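Reviewing the structure listed below.
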Amino acid sequence: MGSRMECSSDESSELSDTDIDDYAEKAYTDLKSGKLVARFGADRFRCPFCPGKKKQDYRYNELLQHAIGVGASNRAAKVKANHQALASHLKTDHADAAGSLPPRQAVALINPPKPVQDQELFVWPWMGILANVPVEQTQRGGAIVMQQLAGYKPIRFNAVHSPDGEYTGFAIVRFNKDWIGFKDALGFHNTYKSHHLGKTDWEASKSDKYMFAWLAKEEDYKADDPVGKFLSENGDLKTVAELQQEMSRKTDTLITSLTSQISAKSKYLMELECKCNQMDLALQRAMEDNDSLDQRYNEEMRKMQSTAREHSLKIFHETDQLRKQLDEKENDIKRRSKQLSEIVAQTDMERRKLENERKKNDGQNDSLNMARIEQEKANEGVRSLVEKHKKEKEAALNKILLLEKQLDEKHQLELDIQQLRGKLEVVKHMEGEGVDVKKRTEELNKDLQDRIDAMEDLEELNQALIIKERMTNDELQDAKKELISGLVDLLGPRSNIGIRRMGQVDEKPFIEACKPKYGAEADTKALEFCSMWQDNLRDANWHPFKIVTRGEKSEQIIDKGDEKLVGLKEELGEEVYKAVTTALVEMNEYNASGSYVVSELWNNKESRKASMGEVVEHILKQWKAKRKR
């Protein structure tokens with residue numbers, strides 16, 4: 001209700017239009033002196049005059065647009081003066097934050113590329129002409145040419161044909177319509193010109209050995225040939241100055257439209273706030289009327305209770321007089337009856353108390369039984385999962401042993417085949433020495449073929465087992481992921497076995513390094529730095545490693561001369577540098593291709609990766625300990 005009351009207070013203390021400038025100057029003084037704060041970071045602003053708005057954080061351009069819109073609206077004079085002062089403060093004292101666009105886009109919008117002559121006519125949308133393009137490179141939308149020109153970001157390729165449909169050898173590439181597209185088109189033109197493959201070179205040589213290219217201009221547009229016809233049908237002739245004026249005019253129109261919309265919405269918001277205030281006042285009056293009715297009702301009830309109490313006292317007094325007239329026997333009977341009633345009441349009270357305690361104990365027993373049942377179910381689930389992982393691991397080990405055994409058999413068969421082939425060669429050279437060479441050769445060939453068939457069968461079985469082993473390994477990895485997911489709540493940071501996120505940057509060194517520099521904003525800046533370096537780790541284009549050879553082995557180590565790491569160490573110190581390089585090594589070891597954080601079972605006691613056997617043993621110990629309790 002506070003924001004609604006602000007509306008009514010602003011309206012009740014409206015300024016005249018003649019006092020707006022004086023009040024705006026006072027508000028500007030408060031902003032400049034720091035009494036009112038609008039900037040809270042490099043690109044983080046807040047409107048000090050709209051504390052009740054849902055949106056609090058603005059960029060520079062957003063807050064400036066808000067201040068200008070409210071300052072030009074039909075709101076109260078005090079509100080307009082405050083926001084006019086805020087707009088002046090932003091333009092004068094915080095102009096350094098105006099450059100919030102990305103560097104390349106900002107430069108392209110503010111400073112469009114200049115041609116050699118400001119009045120030179122270009123074909124717009126920007127188009128480039130290619131001469132001597134082979135017909136095979138025009139297929140599939142000119143994919144080959146588009147790939148060659150990818151550095152200039154063309155958006156479309158068109159082969160030029162004559163009226164009778166014959167390919168002319170020319171092609172047109174189009175660029176984006178904005179200034180960035182114009183810059184790419186000029187780069188395209190200048191590159192070919194610098195290699196003596198521009199339009200003048202093509203006109204001078206008329207060679208068909210090379211592909212020539214240039215930016216389409218007035219001369220090409222007005223040419224009486226298929227290229228000129230294509231350009232005139234798909235574009236217009238414009239100078240850079242004309243395009244700049246047209247874009248400026250569109251921008252001014254958009255700003256005027258947005259300002260008008262902001263003014264209308266501000267007026268509508270003011271009307272809604274006033275309606276809310278009226279509804280609050282009506283509700284307050286209704287509540288006051290309700291309180292008045294409650295007060296009258298309570299007064300009537302008090303009077304009725306007082307009357308009833310006096311009547312009851314009168315009846316009681318008369319009854320007491322009658323009781324005094326009873327004889328002694330009736331008094332004795334009354335006393336005995338009273339005693340019996342007290343005893344019965346006391347007995348009934350104790351019985352109800354016992355019944356309540358019994359029900360309470362039954363409820364507690366039911367809760368304890370349900371908790372015990374749920375605990376047994378959870379323990380049984382963990383035990384089943386551990387047993388399943390243990391069996392899968394044993395099956396994988398057995399398959400590995402079987403593969404090793406089959407590999408030995410395969411090697412033995414290969415050795416036997418080689419020996420048989422050697423014997424066969426020996427027999428071939430023993431002809432004429434009293435040996436039946438033909439019979440011995442057939443026997444050796446048959447034996448050799450049997451060994452080769454056996455080796456092929458063994459090879460097929462070996463391939464099948466390898467495929468099955470890979471599938472089993474994938475299932476084991478999936479089971480490992482499922483085990484990690486199920487053990488997140490069971491494995492704490494103080495237990496011997498836990499879960500470590502490999503490749504995640506530790507934020508504690510960032511907090512300690514930011515405290516001396518940023519004071520109260522240390523936590524926020526530390527989170528910003530930590531998030532930025534986590535993003536750097538995910539960048540596939542950044543790989544600060546180098547390969548060193550030690551003996552016969554080559555390994556990757558951190559490149560201590562990397563510019564980013566050197567800058568980090570100089571800015572935030574050794575501990576932050578160690579935290580980032582540790583995360584880099586983990587990311588490179590566990591997920592170098594994906595560049596994202598991976599959960600891994602970890603031996604906290606020995607600071608190393610935990611084996612599945614250690615995890616199973618740890619979980620079984622916990623399960624047995626819970627069963628004993």
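Glycine residues also receive a Cβ, built from the backbone N, Cα and C atoms like all the rest.
Feature annotations, reproduced from TrEMBL:
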DOMAIN    47-87  domain 'Zinc finger-XS'
DOMAIN    120-222  domain 'XS'
COMPBIAS  350-363  compositional bias 'Basic and acidic residues'
REGION    350-369  region 'Disordered'
DOMAIN    500-628  domain 'Factor of DNA methylation 1-5/IDN2'
Next item on the list: Please spell out the DSSP helix, strand and coil residue counts for the compositional bias 'Basic and acidic residues' (350-363).
Entry: 14 helix, 0 strand, 0 coil
Checklist line | Helix, strand and coil residues within the domain 'XS' (120-222) as assigned by DSSP | finding: 44 helix, 27 strand, 32 coil
Next item on the list: Tell me, roughly as an integer, the mean pLDDT over the domain 'Factor of DNA methylation 1-5/IDN2' (500-628).
Entry: 81
